[in-house]
Every structure is written in C-alpha cells, then in structure tokens.
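Peer 1: One structure is given below, represented as structure tokens, and several questions about it will come after.
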Amino acid sequence: MQQDYLSQQRFSALPLHPIVRGALAKKGFDFCTPIQALSLPISLNGRDVAGQAQTGTGKTMAFLTATFHHLLTHQDPNLKYPHPRALILAPTRELAVQISNDAEFLAKASGLKTALAYGGDGYDKQLQAIERGVDILIGTTGRVIDYVKQGVIGLDEIQVVVLDEADRMFDLGFIRDIRYLLRKCPAPQARLTMLFSATLSYKVRELAFEDMNEPEYIEIEPEQKTGHRIKEELFYPSNQDKMALLLTLMEDEWPERCIVFANTKHRCEEIWGYLAADGHRVGLLTGDVAQKKRLSLLKQFTDGDLDILVATDVAARGLHISDVTHVFNYDLPDDREDYVHRIGRTGRAGESGVSISFACEEYAMNLPAIEEYIGHSIPVSQYETEALLELPKPYRLKRAVPPQGHTRHRSYHAK
C-alpha cells in the first residue's frame with residue numbers, strides 16, 4: 001500500500017486487544033488508512049459508527065479489527081456461546097466471501113470461528129460449519145434469515161453488527177430483510193453496530209437513526225469523485241469502429257488486470273467472444289453465470305489466471321478485487337453514479353489506475369450528466385481508423401469454447 005495513502009495513526013498506538021494488535025503487526029499492518037484512523041478510536045470505545053467510505057479504502061479491516069477486539073474483550077471464559085456473537089451483512093455473496101477471507105488471519109490468531117451464509121449454493125456445507133460453532137457469521141440477508149427461521153441460529157447473543165455497503169443493500173431491495181434481522185438482535189444499546197456506505201444518503205441515515213445507538217458519523221471524501229490517481233481517457237468511436245478500437249487498445253495498453261463494463265448481457269457476451277478469439281485470457285460475468293462459476297472466475301482473476309473480466313454493473317456489484325490496472329467503459333453507463341463505481345475499481349489503496357471510456361453513438365448522451373457529477377471533463381483522445389486491428393471471427397457461447405485460462409498471445413493482424 002502506498003505510504004501517501006496512509007495516515008499517521010499507528011495500529012500499535014490504539015487500545016487494541018493484545019491478540020488483535022499482534023496479528024495485525026505480524027500481517028504487516030503498521031499505519032492506519034484514513035477511514036481506520038477515524039473509525040477505530042470510536043468503535044474500540046464501544047460506540048456506534050456510521051462511515052462514508054468508498055471500497056478500497058481499508059474499511060473492511062476497520063470493522064474486522066473492531067469486531068475481533070470487541071468479542072475478545074467482552075467474553076466470559078467460563079461460558080459457552082452456542083450462537084453467533086457477531087453478524088456481518090454484505091449485499092452480495094462475493095463480498096461476503098471476500099470479507100471472510102480477509103478475516104482468516106484474525107480468526108486464526110484469536111481462536112474465534114467464522115462461518116459463511118450466502119445463497120446460490122453450498123447450503124449443506126455452510127450449515128455444517130455453523131453447527132460446529134461460530135462466533136462471527138458473515139453473509140447475505142436471505143440465507144441468514146433462512147437459518148434464523150429454521151432455528152439453526154439465534155441472534156439473541158449478538159454483540160456486534162456490521163452492515164457493509166449499506167447503500168447497495170438499499171439498491172438491491174434488502175432493507176426489509178436488514179430490519180428483520182436487526183429486530184432479532186439485542187437492542188441497539190446492548191450491541192456495537194457499525195455501518196459503512198459509499199454514500200450517507202437520507203435513507204441510510206434513517207436506518208442508522210432507527211437501528212443504531214446514537215452513531216457517530218464519519219466521512220472520507222476523495223479529492224474528487226473519480227480519484228486523483230486514476231488517469232481518465234475518452235474516445236468517440238463510431239459503432240462500426242467500437243469493437244476494433246477495444247481490441248487495439250488492449251494490444252497497446254496490455255493491461256495486467258482489466259475489467260470491461262458494458263450495459264447489457266448480450267453486449268458482454270459479444271465482447272467476450274471477440275477478446276477470447278483474439279487470444280486474451282478473458283472471463284464473462286453476467287447475471288446468468290451460475291454461482292459456482294462466478295466464484296471460480298473471481299478466483300481465476302484474483303490469482304492471475306485471467307487477465308480480463310467482462311461484466312455488467314449488476315454482476316460486478318460487491319466484487320472486491322485488488323490490483324486492477326485498467327477499467328474500460330465499453331458503454332457509458334446510464335446511471336452517472338455507476339461511472340464512479342466502475343472506475344473506482346482501479347486506483348485503489350494508493351495505487352494508480354487507468355480508465356478508458358467510449359462515447360459511442362448510442363450512449364454519448366450519458367456523458368454530460370457523468371461529467372457534471374464528477375465535476376470535470378474527461379480528456380478526449382483521437383484514433384486513426386486505418387490503424388485499428390482487424391476483427392477476428394468471434395467465439396460464441398453456444399459453441400464449444402476453449403479453456404478460459406489458455407495461453408495469452410499478441411495479435412498482429414492489423415489492417
């Protein structure tokens with residue numbers, strides 16, 4: 001992590017439980033990020049926090065540190081706890097899995113057990129893990145409610161509640177589920193509650209007011225909505241040139257880890273077909289992709305076995321992927337906030353990133369609202385039609401496709 005991204009607050013100077021402090025030091029956590037520096041002095045003191053922070057700012061470690069500290073300092077060694085003592089809710093299963101992975105080193109050091117509860121698959125495996133005993137339950141609202149209604153778990157011993165990406169939970173229609181679960185937990189005054197959201201909108205503040213105990217609000221505002229470490233670039237391609245321009249820029253930029261966004265499932269499939277035919281190691285992430293395949297693709301991408309993900313906004317929500325070097329907006333999004341969410345997947349945690357957008361004939365009308373929202377014009381670049389690569393015959397999903405991890409090679413079939 002870049003030093004200029006960190007604050008002057010050291011973890012070692014915070015009143016942390018010795019086990020948590022030691023685990024953080026062993027993992028290489030020395031200085032806090034700004035959201036950690038602001039939130040931890042509050043949460044470690046047992047007070048509720050409602051924080052505004054984008055993904056990639058260190059908020060996950062902020063609430064995990066506070067959660068493990070609180071459980072370790074509020075446990076009776078003479079008692080056995082048959083039910084979870086902490087509940088961490090996320091809007092998507094992928095984010096829940098990521099949080100669980102991030103918590104592993106703290107769980108190992110402390111002896112506290114974590115378990116996952118998310119829909120899609122793994123029902124019996126998750127159930128077995130919970131029945132073996134769990135201190136910290138991490139999951140999505142639907143599956144957690146299933147287990148509560150079946151009597152598999154009770155929430156009456158919950159000491160910590162975390163709501164991550166609360167604004168996305170609202171967007172996905174989970175607010176009724178959240179309130180159901182919170183009503184099953186002890187009263188707000190009897191637990192520590194932490195809420196994090198990219199925006200502290202009226203509806204998020206209303207939830208905090210009703211279901212938290214006088215939370216302290218903290219906000220980490222980026223210097224600009226799109227992040228000053230992200231290099232933005234805009235092209236005006238014709239519909240005819242658009243795909244060839246994407247392939248040409250892929251050859252020119254040769255991104256180490258890239259996400260290409262499009263507005264529809266059909267367009268994503270088309271992009272995947274051309275990139276795969278051009279020899280790129282590319283995965284497709286749309287709402288139709290099965291849960292096991294989604295997790296497999298995410299692991300391949302994270303491990304470096306895939307270089308490119310082609311995704312819709314809905315399918316990519318909640319994905320926390322480090323070291324993304326490039327984001328391509330093949331289609332400008334209809335929602336201006338989605339532009340910020342998309343390109344915010346690069347340039348995280350102090351690293352630099354590149355965002356390249358296409359203002360084509362179909363979606364150029366979305367550009368004025370986007371530029372008004374981000375507060376600046378996106379620099380425009382030109383291209384020469386004669387220099388664009390010739391399009392290969394695309395792969396089709398209906399046909400047999402090559403393995404997604406086949407060897408990547410450069411294409412030299414320019415016009």
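The backbone N, Cα and C atoms fix where each Cβ goes, glycine too.
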Peer 1: Scan 164-167, 320-323, 384-387 against Swiss-Prot and say which stretch is down as motif 'DEAD box'.
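Peer 2: Motif 'DEAD box', as annotated by Swiss-Prot, spans 164-167.
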Peer 1: Please find, within the list 9-37, 96-124, 183-211, the residue stretch that Swiss-Prot describes as motif 'Q motif'.
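Peer 2: It is 9-37 that Swiss-Prot describes as motif 'Q motif'.
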Peer 1: I'd like the per-state residue tally for the domain 'Helicase C-terminal' (241-389) from DSSP, helix first, then strand, then coil.
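Peer 2: Its residues divide into 64 helix, 24 strand, 61 coil.
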Peer 1: Out of GLN54, THR57, THR60, which of the binding-site residues is least crowded by other Cβ atoms within 10 Å?
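Peer 2: Among the binding-site residues GLN54, THR57, THR60, the lowest count of other Cβ atoms within 10 Å belongs to GLN54.
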Peer 1: Just checking, which of GLY56, GLY58 (binding-site residues) has the fewest C-beta atoms within 10 Å of its C-beta?
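Peer 2: Among the binding-site residues GLY56, GLY58, the lowest count of other Cβ atoms within 10 Å belongs to GLY56.
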Peer 1: If we skip the immediate neighbours and take only residues 6+ beyond the ends of the motif 'Q motif' (9-37), which ones have a Cβ under 8 Å from one of its Cβ atoms?
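Peer 2: Sequence-distant neighbours of the motif 'Q motif' (9-37): 1, 3, 44, 51, 53, 57-59, 61-62, 65, 68-69, 72-73, 105-106, 108-110, 218, 220, 349.
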